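Swiss-Prot lists 5-36 with the feature FAD binding site, giving sequence analysis as the kind of evidence. As annotated by Swiss-Prot, NAD(+) binding site applies to 146-174.
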Amino acid sequence: MKEKTIIIVGGGQAAAMAAASLRQQGFTGELHLFSDEQHLPYERPPLSKSMLLEDSPQLQSVLPAHWWQENNVHLHSGVTIKTLGRDTRELVLTNGESWHWDQLFIATGAAARPLPLLDALGERCFTLRHAGDAARLREVLQPERSVVIVGAGTIGLELAASATQRGCKATVIELAATVMGRNAPPPVQRYLLQRHQQAGVRILLNNAIEHVVDGENVELTLQSGETLRADVVIYGIGISANDQLAREANLDTANGIVIDEACRTCDPAIFAGGDVAITRLDNGALHRCESWENANNQAQIAASAMLGLPLPRLPPPWFWSDQYSDNLQFIGDMRGDDWLCRGNPETQKAIWFNLQNGVLIGAVTLNQGREIRLIRKWIQSGKTFDAKLLTDEHIALKSL
């Protein structure tokens, strides 16, 4: 019996890890990966950090170049797909080539959610999703330049830190009343706001751009009436899923390809993962998780489902952010207002804990990354704690 052919569409973390997971879990059939980028699949997190700060930055490949040949995975780089061929099971490229598939994994990622007012600036306006974006930004982030960043989410704050470290004068504009409002708890939001302000970043909350004039400098008029002048304008206000191919194939989409817990779409032969995917929960709600770890997890889940194997158990959600000399790691549930703090954030060393009826459900570490493994184990086991003991620095965490 002929073995099936699996095609992966995409060139990022989820795409590469799907290929790796399929081979690791025993798939020996024909395996192809199609990407519209010329590079090997590469890590995205460094784009807002080391790719802007290091003297001679290099892209970090998800898998080494030799892995693809050794594992007999056919890479098709720099190609554009015309149709997925859902009915015919034939992927068609814009160059006329067609490729048969039995199962499909879509990991086409996402683009920056557009902001037409700033997009009208053309090359004077920047977003950050790909290696080419980072290369362009690196050229313009020069000392003493005035940089305006719209959006105070994770990427916006990382860009503010990198721009400041490159000698720029950074201003961040945020519509909400706080920074990192979607994915950090209140005490961490307050810490980050103060950290950036101490570094010289001006952060304007509860504000937005109303008018833009492109001249020698870019003039931005805010809702507050203030006018800012910028040499460089960057924005990051969310994502727009690259789900056009899926929509044209009549898959279920909602600013992302809708998947179930097995990463399966409404077509049982088509799977999706990473930033392009959005999961329908048991209660019918749609949930998106934009992180490096989620891309890895969904790649592994999809590979298992495609091969008819048991699905792996998911660890608590985890992501990290490097800003200035700080490394922050977020694990578990970030919801809730009653967070406990161990240590002193003013010394750039602390852990915030989220207890619910004594059970640890989430945590954020500040330059304490070595504790994440233990905290992950606690969250997975549903361990309960005495709040006083948990926050007492004289008691080693591993003894609790």
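The chain as shown is numbered from 1 upward.
Even glycines carry a Cβ here, placed using N, Cα and C.
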Run through the Cβ atoms and count how many others sit within 10 Å of the one on Ser162 (NAD(+) binding site). 27
Among the binding-site residues listed here (Val150, Glu158, Arg166, Glu174), which has the Cα closest to the Cα of Ser21 (FAD binding site)? Glu158
According to DSSP, collapsed to three classes, what secondary structure does Gln13 (FAD binding site) have? helix
Using only C-alpha positions, which one of Thr5, Val9, Gln13, Met17, Gly29 is spatially nearest Glu158 (NAD(+) binding site)? These are the binding-site residues in the record. Gln13
Proximal but sequence-remote residues of the same chain as Val9 (FAD binding site) (Cβ under 8 Å, at least 6 apart): Ala15, Leu33, Phe34, Ile81, Leu84, Leu91, Leu104, Phe105, Ile106, Ala107, Thr108, Leu245
Take the Cβ of Val150 (NAD(+) binding site) and count every other Cβ within 10 Å, whichever protein chain it belongs to. 24
Out of the binding-site residues Gln13, Gln25, Gly29, give me the one sitting nearest to Ser162 (NAD(+) binding site) by CA distance. Gln13
Restricting the comparison to the binding-site residues Val150, Thr154, Arg166, Ala170, Glu174, which residue's C-alpha is spatially nearest the C-alpha of Gln25 (FAD binding site)? Thr154
Rounded Cα-Cα span from Glu174 (NAD(+) binding site) to Gly29 (FAD binding site), Å: 49
Tell me the Cα distance separating Thr5 (FAD binding site) from Val150 (NAD(+) binding site), rounded to the nearest angstrom. 44
Going by Cα-Cα distance, which of the binding-site residues (Thr5, Gln13, Met17) sits nearest to Ala170 (NAD(+) binding site)? Gln13
Looking at the binding-site residues Thr5, Gln13, Met17, which has the shortest Cα distance to Ser146 (NAD(+) binding site)? Gln13
Which residue, out of the binding-site residues Thr5, Ser21, Thr154, shows the minimum number of other Cβ atoms inside 10 Å of its Cβ in this structure? Thr5
Of these binding-site residues, Met17, Leu33, Ala170, which scores lowest on Cβ atoms within 10 Å? Leu33
Using C-alpha positions only, work out which of the binding-site residues Thr5, Gln13, Met17 is nearest to Thr154 (NAD(+) binding site). Gln13
